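See below for the structure under consideration.
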Amino acid sequence: MANNQTVHSNSDDPKTPLLPLQESIHRSQSFNSPLDGPKTSRSMLAVLVWVFSWWLTEAVPMPITSMAPLFLFPLFGIASADDVAKTYMDDVVALVLGSFILALAVEHYDIHKRLALNITLMFCGDPLNPPLLLLGICGTTAFVSMWMHNTAAAVIMMPVATGILQRFPTGAGQSETVNNFSKAVVLGVIYGAGIGGMSTLTGTGVNLILVGMWKSYFPEAEPISFATWSFFGVPLALLMFITLWGILCLFYCSKASGNALSEYLDKTHIKRELEMLGPMSFAEKMVLAVFSSLVVLWMTRSITDDVPGWGDLFQGRVGDGTVSVMMATLLFIIPSKKGKGEKLMDWNKCKKLPWSIVLLLGAGFAIAEGVRTSGLAQILSSYLDFLENIPYIAIAPAVCLISGIITEFTSNNATTTLVVPLLIQVAETMHIHPLFLMVPGAIGAQFAFLLPTSTPSNIVGFTTGRIEIKDMIKTGFPLKIIGIGIVTVLMPTLGALVFQTNGQLPTPESPVHWSN
């Protein structure tokens, strides 16, 4: 119980971790390895190995693995059942649930398809300009991915992209030019979805995990709002997107290929699909209005210190998740005018809610809290004391690269969950603002560009049969390297301004948080 916990700290040594102990035995010696530490840190290490082994091998379904902390933490004495359960539902998870319901509404009424076809028609060019058309397809995917999960954006946009490619001949009759353009389109969709997701909190679970960990470790610090992240994420994603487009044009899609492609692809096919959708219905307009209002509310809840957002009217009691759920609720109230008593959304339309991602987010928060409160993070970070004398310009790309390598073999969310708590301890050792390492670590976890299994959106593209692993490596490797360089430059410049990292260093909350 919390009242029975005995906590020992050494104020003379700032590197000595505060560890929750189940025994009332004073441990004065320093720990040389996790196996020499207190029982809670050893238990947490065992749980980490257990959960990540299941995530990596998929020995059991990932959503079931994500629920494992709910029974492992109490059984191993890491946290009480109530405490670990609370991490599975907070404002960040509410943000995900609300945005997913809105994304399902957008998908149900084919608003995404209408948007994609209109933008593609705009960029097609006359005569056909392949690089410009590729820009339109990739740009539309990135834009859609800003407001929904990467995988959902890839699943939605891939049929639109392959629908355009269906006019091309297949097999032996396909020329090298046509084959290369097809590869560029598929690669552009899967990578565009990943890059677009970096720009907003709702675009990917990684950003949500980062924000959740920041709030958990530093509850007294200014939280990272939707608007705050966008001020950093949008420029980052824009630079990454330009890089992606340039690489695809260089390797697969030259302007000279227009003559060969124009024989099969023109505006007629796109216009025909657009006409089949017909004019926008009342339901589509209302869903679009609710969605647009949500984005505006997200962006204006908290603006700057000098220009407070509407959130100040509620003394900081509302969060981005509050708005997300509120606007999603409106979809169940506003009539669709398609049938008597029919609303824009009903619960049957929500059966496709990706509960697996919600559970994965909850597991990420639980593991991060467990690593912190068990003392495991402090013990593991003690091996990284040598980083204290390394300049940031060298450590930032290394952090991003390490995350970028790990994420090729496990999920982006799992990589973030593993790496970010350690980076917080490293930042404390280096006496720098934690976000200087947390953000590159989280962004690097999204650079899953090399293998089909790195992220579900890559699998969506790979299963089309139009790309091979060598195509992903050919495009993904330079994209990853240049991306690391972009993050390294942006974080200490734009990031320092947006996240206000040049002020007083935030103090992490005492690890004694969970009762055992």
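From the backbone N, Cα and C atoms, a Cβ is placed for every residue, glycine too.
Ranges compared are 131-148, 149-166, and TrEMBL records transmembrane segment for 131-148. Range annotated as transmembrane segment by TrEMBL, chosen from 357-380, 453-476: 357-380. Matching 318-336, 413-431 against TrEMBL, the residues noted as transmembrane segment span 318-336. Recorded stretches compared: 184-214, 226-253, 392-411; the one with the most Cβ pairs under 8 Å to the transmembrane segment (92-111) is 184-214. The stretch from 62-80, 131-148, 226-253, 392-411 that makes the most Cβ contacts under 8 Å with the transmembrane segment (481-499) is 226-253.
Of the candidate ranges 131-148, 184-214, 226-253, 274-298, 318-336, 184-214 contributes the most Cβ pairs within a distance under 8 Å of the transmembrane segment (357-380).
Same-chain residues lying 6+ beyond the ends of the transmembrane segment (318-336) with a Cβ under 8 Å from its Cβ atoms: 90-99, 101-102, 105, 201-202, 223, 225-226, 282-283, 286-287, 290-291, 293-294, 297-298, 301, 311, 342-346. When Cβ-Cβ distances under 8 Å to the transmembrane segment (131-148) are tallied for each of 62-80, 184-214, 226-253, 274-298, the top count falls to 184-214.
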